[in-house]
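For reference, the structure discussed in these notes is given below.
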């Protein structure tokens, strides 16, 4: 049996919603009064599961509730889940930034966390000075930093600027330097939170490579939080799926990712009968939004898609536009294109119907969802809504290959063969 | 690292357990010691960045005490005619100002340590105790410069025959440690309370101002009547200021018992402060 590097036991974290202000003192006194009588904390009970879309009864909410898992040494674990599933809370608890409400975490070895790179960087200090300060904040001794100094500078690729104050750095250089310091921490467990979203493509590749080295080559344990399913699949061998603050699944990375994607909204039809029920705000109310097959009954690669949108506009005499952004559930944008609904400041207060077609043989099989943005003058967002509808395009077997082919699009190309 | 792993395998022991409640006394001073390099680098950061893009640079450290001394000499010395126990007014007020500046700066900054560093504290873990320690250490830099100014004044008056410093000047390092300990202890208690109740910042900002008048900065203890003197002697800073003046200026009524009393009070305050701070630091991110 392999070694357990990290064990999480019935871990929970409760947060108070709303403003901490009036009422805090009375709650504190009440809590203290229960405590001296040897009773349980009265506010620990009333929290409910963390579903931010529903209105709760109490001011307390469980960001994490009763989470249990073990991580073996040398594993690269992807932690995935939607926004608000509790990923960041889990990382904060692991990196000791905040303490759990109940339960515990047992750790073997040092934990280094890259929740946000460049913490404690001082703009007036030079790159060299900041490497030392940042390294020390992250838990390195001066001797350790000195030993790794050349490696860090080399990795960041900022040698020429090393004695220049970091306020003169380009933002890319700043981030590269910050990541380089963090990546050279000597720790048994490394926690990474989507830092890869920064830097140019070349540097992102370098970071991913470095993380791969860390887990595969050096046998360290890596916890990786990301919305980028592609890099989770590539980097991690196991995965943890969180849902509303609870552990939904632990297993291989591939299983976790596919479970996560199944959980995405595949409801391709949204419709309400009246404006009162419609989603929206004071400017826009959406009454109907759907993606239906052009031909046949199912969305397949060759079916094509008819997208229909019906909404109520409450702002007369403006330049109104509606933008559709299609994304895969792995968060790869497919297109982002808008319909100019009125261009002469002559929008009407009332219903609009917008529809368009995505031609057959364009999108590959996979899961997709729409982001909708309504704008004024193509500049100001009046309303936006993510994931109101999503859909799954089924694979079609062409020829003898039954596997889903790679790629976001799968065009039907006319090959000329001579 | 491989060696370390082996050790863990053999003993199969957790190096760390993160738990919700920890006892009040679970103070990990060893960890603070392990982060001593961070303390030094934070002090260095303050040193390097304090005067960036100023023309006068460290001269600013002199400006404050010189002008304050001139003002005090005029207002308290001449207009109000307060006694200075026979010491030259400039030396008397400067000695008080130099000490008070160090104490009040350290206290103010220590008390705000959670609020000003919330950004860093929310991202990375390191023993939070490092921050207040860095504050009182950084302030020594300003104190050192102003102290040199004071020494210059003392030498001037000694040569002109107005002052006779005695062996009590050797107590200076100890007095500074006491003062740092007092600012640290009090500051940590305040900082722990400000995380949840911001009212404390309000209280502190004018509290420090008033506290100066409860400390013999602009007047000597001897100027007090019996009853007031007993009250003023309860203030742990009183003995520090009086001992400092007694050493350098040779004036004031001072004895060793007062200093022992101060040391005990400050030690107790420092222990309470450290424990409270340690308790609060683990969960403060949720309330700040």
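Using the three backbone atoms N, Cα and C, a Cβ is placed for every residue, glycine included.
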B:40-57, B:202-219, B:220-237 - the range that TrEMBL marks as transmembrane segment: B:202-219
Per TrEMBL record, range annotated transmembrane segment [choices B:238-257, B:258-277]: B:258-277
Annotated transmembrane segment segment (source TrEMBL; candidates B:14-31, B:86-103): B:86-103
Distant-in-sequence neighbours of the transmembrane segment (B:258-277), which means Cβ under 8 A and at least six residues beyond its ends: 24-25, 27, 128-129, 132, 171, 178, 181-182, 184-189, 191-192, 233, 236-240, 242-243
